[in-house]
Amino acid sequence: MHLKNLSLLNYKNLKTAEFDFDEKINCLVGNNGVGKTNVLDSIYLLSFGKSYFNPITSQNINHDSDFFVVEGEFKKNDKAEKILASAKKGQKKIIKRNNKAYEKVSDHIGFIPTVIISPADRDLIIEGSETRRKFMDGVISQSDQSYLNKLLQYTKLVSQRNSLLKYFAANNTFERDTLEVYNLQMSSLGQDLFEKRKEFLKEFIPIFNKRYADITNNKEIVDINYKSQLFDNSLANLLEENLQKDMALQYTSVGTHKDDLSFEIEGHPIKKFGSQGQQKSFLIALKLAQFDFIKKISKVNPILLLDDIFDKLDENRVAHIVALVATDELGQIFLSDTHAERTEKVVKSSNQSYKIFKL
């Protein structure tokens, strides 16, 4: 699978742009602020139906316009697939496949498997549990539509239960039967999500460990630990046991929406004990493991977006990463950098076809 061409209209700072891509490696070079990252983000948009960097659609429209259109033609299983994403201020975002609009944007997720590696990934280490859950859910969802649907249902139920708890507090009332309806549905869906996450991590963590060892030449031991309240109790019991607490807080304090991943190096949290270089290697291994996992499950090479990959990494390390991906039936890579010569030196060493676009 690869992206053949891309056209942008009023997407972020890019008023109009068109690209015909190489099916192997594509390099976007230019000074900071010219829109390299926004081109990569537009490809991510065509894959996920949303921006990687700013999920608020209206803020991705060029300041001088009230709409954007992003269109790409992909080749998948020897068939042309045209994907279009458009948005207008005050209106619902539209995602189309071959001129037919999806009823739900979520129905498109997984059709164009894509992995992005970006300096913004550091949030996975320094931010709260929600960021890491989103990563885990994103990897699973690209290869399991049923999981995504259950996750969306569960998230909606949590929001509705929270609204009910606020209603109880505001009106000094309590309706156990109504609450039980939410508890039952949440318990079933939450348990399913928990089991799927365990199953996923059992397969994902060895892939991640191998990637980290490849990148660092086996320098240190890293691990990912799944933290969930459901290891100790069923969600049904947890909801019942924490009812008074939830009533006081006016939100749901227990469930799979509180799960987290603990990223560790030599048995300690990498956030506190890992150097910048170790953290960067950890994140890249995480994303390359995502690439490997999706490829294994979907039998399709994901598109790989490398945003500002030279940030905190030297040329040799970047060349090593490109080579790692290139060794095993390369998919399509998009790479952004400020230095054309440095970029060309790295991609030449991969012995793959490439194009360089100067923005």
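The backbone N, Cα and C atoms fix where each Cβ goes, glycine too.
Swiss-Prot has this to say about the protein:
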type	residues	note
BINDING	GLY30, ASN31, ASN32, GLY33, VAL34, GLY35, LYS36, THR37	ATP binding site
Given the binding-site residues GLY30, GLY35, the candidate whose Cβ has the fewest other Cβ atoms within 10 Å is GLY30
If you count the other Cβ atoms within 10 Å of each Cβ, which of the binding-site residues ASN31, ASN32, THR37 comes out on top? THR37
Shell list (ATP; ref centroid = CB of GLY30, ASN31, ASN32, GLY33, VAL34, GLY35, LYS36, THR37; cutoff 8 A): SER336, THR338, LEU359
Cβ neighbour count (within 10 Å, all chains shown) around VAL34 (ATP binding site): 17
Should one count Cβ atoms within 10 Å of each candidate's Cβ, the binding-site residues GLY33, LYS36 would be headed by LYS36
